[in-house]
C-alpha cells in the first residue's frame, strides 16, 4: 500500500538525504585518528575486597557496594584493616563497572613500589550495579547519597593512624563525575570531605540525551548550585575529555563553566594533555596508559610531605594540574622552582654569534655552554627559538645578565619551555627580557646517545602568516594556500575567521626536502587559545600530510584570539599549506552537536502529516496515503519561522514577562544559543533529515504490518471485515484497566509498550481482513474511489449506518499507519526507563520515580480506543474540525520545546491522539 504511492522524485530526494546523513554519521563514528592508546597491564592478579557497610545502609541501597582494589602482596596486607595510604574513590559512569578502577589503581601501585612505598594510594571503587544513569535519571540522587555514605565509611578505615586523612580524592568516569559534583548539593555534605575531583569524559554542561525530566532536573540543580556558590567552592576540579574518538560524549559537554571568580577548575581534551597527545573513546579513557600515567604523576606531585596526604593548598593543586595537563616544561614539578641557577664547574664555554645554529651531540665527554650574545640580535630580530631532541628533565637553557661571554649564574629559562612528542622547545620574545645579555644553551656530557640542539633568531613578521579559511558553502571546490619560503624551524599560521563549531576544514601540508638523507620529523600543532583542545600531528618529511580542523567549543563572543597552526619544521625543507572546506566533516559536526534533536524533528514531520490526513478526512471524506501527505505537509516553512519569531520576540522585555507569566518553559533555541550551538541552516538540515527519517520509518512500519498480516493469514484462518463498528468492544475496558494496573504497579513504559503491541495487533488484524476481502472479491473497476466519494456526497445509506466497506478499511489503515509511526517514537523515547527497570528487577519491582507513569495513564485509554477506531466513524464527528487544527501548532511546539528536552516530545504527541479518540464519541 505504501509503495504504490511512492513518487520517484521524492524517493530520489530521500535517498539523497540518506546519503548526506551517512556522510555525517561516518565522520562521527569513523572520521578520527586510530586508537593510539597503549593498554595498561596488571603485573599481579587484581583483587577487589568488599568493604562491609552498616546493615542499615545495605538495606537502603541493596544494589550498591564498595570495594578496595589491590594486587598481590598489597591486597593480602590490606585485607586486615585499617589502612595507611591516601584514599582515592573511583566512581564508574553509565553502565560502568567498579572493576574499571584496576588500570589507574595498578599504575599507582607500581609507582608506589618505585619509591619503596614512601607514599601510596588506596583505590576504592563503588559498584553502582552498572546502572544506565545516562538513560534514566531517577537514580542519580540515590547514587549521590550512597557516595556520601561511602566517603564517611572510607575515612573511618583510617581512624587511629598517624597521618589519617580527613578527605578523599575522587576520580569520576562519565556520569560518575557528575555524581561527584552533585555531592556538594547535599544538605549535610561537608565540602572538606573532597580534596580533589578528576572527571573523565563527564558531560558537565548538559545530558547527552535528555530522555526524562529527572536527569534534566538533576543537571539543573548541580550546575545552578556550582554557579551560584562559585565563590565558596574551593574544590579543585579537573575535567578531561576524550576528543573526537569519543562519539558517546562530545568533548564540548565536558568543559566546566568558566566563571571569572572561580579559578579552581580546568577542562582539557586528552589530545592536548602533555605526554598523552591522543584522543580516547568513551571507555578507553579509563585504561589509556598515557593518560593514566599522567594522572598518577600528578597525584604523587600533589602529596604534602608533612601530612603525607594530598595537599590542601589550592594554588599548589592548580600548579600541579597545569604542569601535567596543560603545559609541561620537560622538567620535574617543583612548587617553588629556583629561577636562578649556578653555571659553574669545568664546563667549556663557546660563543655563538650566528643567527641560526645547530649542534649534534654524540658521545660528548665534556659539558658545553653555548652562549648567544643578544646585543646585535636585538637590533634585527624580535624572537629567539631553541629546541632540543634530548627529552630529559634537566635544565638546558638559561639567560645571562652579565655583559661578558660567560656568567656564573643565569636565569633558568627551561621553565618557559614546552614539551612536545619529539622535542622540547622554547620561544622567547626578546623585548620581554631586556636585562638579558646572553642566551646560554647547555649540552651535558652524554655517552652512547645522540641528540640535536637547534637555535635561531627571527622576526615575528617573517614567521607569522595569515591564512583565511574558505567559506562554508565552497563545499571543498575552492582552496587557499600559503607557502613557507624561508628555511626556519618554527612558524605560526593564523587561521582567520575560524571559530564556529559548524566550520570544518581539511588542511594539507606538503613538505619538500633537500640535503639531509636522515629521517626528519615535523610537528604540526593546532592551537585553540580559548579552550584546551589542541591536537598534534607528527609527520615524517618529505611527505603530504592531511589535518582535520574542527572545534569542540565555539569561540566566545568577547574573545578576539585567533586559532593557530603552529609548525615545528626542518630547516632543510620547504612547506606548502593548503586549506579547503570539508563538507562531510561539516555534516559530521551537525550530527555530533545536533543529532540528539533528530527525534523531535521526526515527530514534528509526522505530526504535520497527521494533521494533513485529518484535514483530508474532513474536507474530502477520505484519507491520503502517509507518504503522499508527508510530501505535501512536512515543510520546514510551516515550523521554523514561528520558532525564529518567538526567539526574536523573547528579546523584548514585555514579551519575556508575558512568557514567564503564563509559565512557559525556556525556548530550546535560546538554550542552544547560550551554548554557541546555533548556526545557519541547522534547523533546516535537521528538518530535512527528520522528514527523511519519517519517510523511511513509515515505509518500514507499513512493510512490517503487511508482512505480519501475511504471517497471520498463513497461521490462522482468513479473517473477515467487521460488519459493525464497535468502538467499545467487550474486552476493551478490561485490557485498559489491566494496562493501567501494570503501569501503576511496575513500570509505565512497560504498559505503554503492551498497549502499543495491542494497537499493532489490531492494525495487523485489519490488514489481514482487508487482504482476505480483496482476494475474495472480483475486480470491479466501477467501484472506484470516485464512485465512493459520490456515494458519500449523496449520503448513501451504507455510510449513514456506518457500515465498514473495503475503501473505509483502506482509509482506516492509512490513518493507523501514521498513528503507528507516532506511537513508535513515543515507545522508543520511553524505552530507556523500561530497560533500566528490567535490569534492576531483582532489586525493585516498581520503578520509582517513574517518568512515564503520567504519560501512560493518558496514552493507554487513547490507544485502546484508537485500536478500534475507523475513519468512517471519525469523519462524522463534530470534533474533527478542531482536532485537525492541533497537529500544526504541536509540530511547532515539538521543535520549540522538545529538541533539547526529548522527554517533552511524547507530551505533544499524546494531545492529538486523545482528541482523535474522543472523535468517536462527539
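Cβ atoms are placed via backbone N, Cα and C, with glycine included.
Among the features that Swiss-Prot reports, active site is placed at 174. There are 30 other Cβ atoms within 10 Å of the Cβ belonging to residue 174 (active site).
Per Swiss-Prot, compositional bias 'Basic residues' is recorded for 782-793.
Under a cutoff of 8 A between CB atoms, and with a sequence separation of 6+ in the same chain, the neighbours of residue 363 (N-linked glycosylation site) are 446, 447, 448. According to Swiss-Prot, the N-linked glycosylation site annotation covers 363 (among others), on the basis of sequence analysis.
Within the same chain, residues at least 6 positions away in sequence whose Cβ sits under 8 Å from that of residue 402 (N-linked glycosylation site) are 437, 438. In the three-state DSSP reading, residue 402 (N-linked glycosylation site) counts as coil. Summarising the annotation, Swiss-Prot assigns N-linked glycosylation site to 402 (among others) and lists sequence analysis as the type of evidence.
Counting every protein chain shown, 5 other Cβ atoms lie within 10 Å of the Cβ of residue 558 (N-linked glycosylation site). According to DSSP, residue 558 (N-linked glycosylation site) sits in a coil region rather than a helix or strand. According to Swiss-Prot, the N-linked glycosylation site annotation covers 558 (among others), on the basis of experimental evidence.
Taken from Swiss-Prot, the feature region 'Disordered' covers 776-798.
Averaged across the topological domain 'Cytoplasmic' (1-11), the predicted model reaches a pLDDT of 65. Per Swiss-Prot, the feature topological domain 'Cytoplasmic' maps to 1-11 (among others); the stated evidence is similarity to another entry.
Under the heading topological domain 'Lumenal', Swiss-Prot lists 33-597 (among others), citing similarity to another entry as support.
The helix, strand and coil residue counts that DSSP assigns across the topological domain 'Cytoplasmic' (619-641) are 15 helix, 0 strand, 8 coil. Per Swiss-Prot, the feature topological domain 'Cytoplasmic' maps to 619-641 (among others); the stated evidence is similarity to another entry.
The annotation topological domain 'Lumenal' is assigned in Swiss-Prot to 663-668 (among others). Note on the topological domain 'Lumenal' (663-668): residues 643, 646-647, 650, 895-901 of its chain, located 6 or more positions outside it, place their CB under 8 angstroms from a CB of the stretch.
The topological domain 'Cytoplasmic' feature in Swiss-Prot is assigned to 690-694 (among others).
Summarising the annotation, Swiss-Prot assigns topological domain 'Lumenal' to 716-733 (among others) and lists similarity to another entry as the type of evidence.
Residues or ranges marked as topological domain 'Cytoplasmic' in Swiss-Prot: 755-817 (among others).
Residues annotated as topological domain 'Lumenal' in Swiss-Prot: 839-894 (among others).
Positions annotated as topological domain 'Cytoplasmic' by Swiss-Prot, on the basis of similarity to another entry: 916-922 (among others).
The annotation transmembrane segment is assigned in Swiss-Prot to 12-32 (among others) on the grounds of sequence analysis.
Residue counts for the topological domain 'Lumenal' (663-668) under DSSP, split into helix (H, G, I), strand (E, B) and coil, are 1 helix, 0 strand, 5 coil. Per DSSP, the topological domain 'Lumenal' (839-894) is made up of 31 helix, 0 strand, 25 coil. Cβ atoms under 8 Å from those of the topological domain 'Cytoplasmic' (690-694) belong to residues 14, 17-18, 21, 598, 600-606, 609, 630, 634, 821 of the same chain, restricted to positions at least 6 beyond its ends. Sequence-distant neighbours of the transmembrane segment (598-618) (same chain, 6+ residues past either end, Cβ-Cβ under 8 Å): 624, 626, 629-630, 632-635, 638-639, 686-687, 689-691, 693-694, 697-698, 811, 814-815, 818-819, 821-822, 825, 828-829, 871, 874-875, 880-881, 883-888, 890-892, 894-895, 898-899, 902, 905, 908-909, 912, 916.
Put simply, of 642-662, 695-715, 895-915, the stretch with the most CB pairs closer than 8 A to the transmembrane segment (818-838) is 895-915.
Here the Cα atom of residue 558 (N-linked glycosylation site) is found 30 Å from that of residue 174 (active site). For the transmembrane segment (642-662), the residues of the chain that approach it from at least six positions outside its boundaries are 669-670, 673, 683, 892, 895-896, judged by C-beta separation under 8 angstroms.
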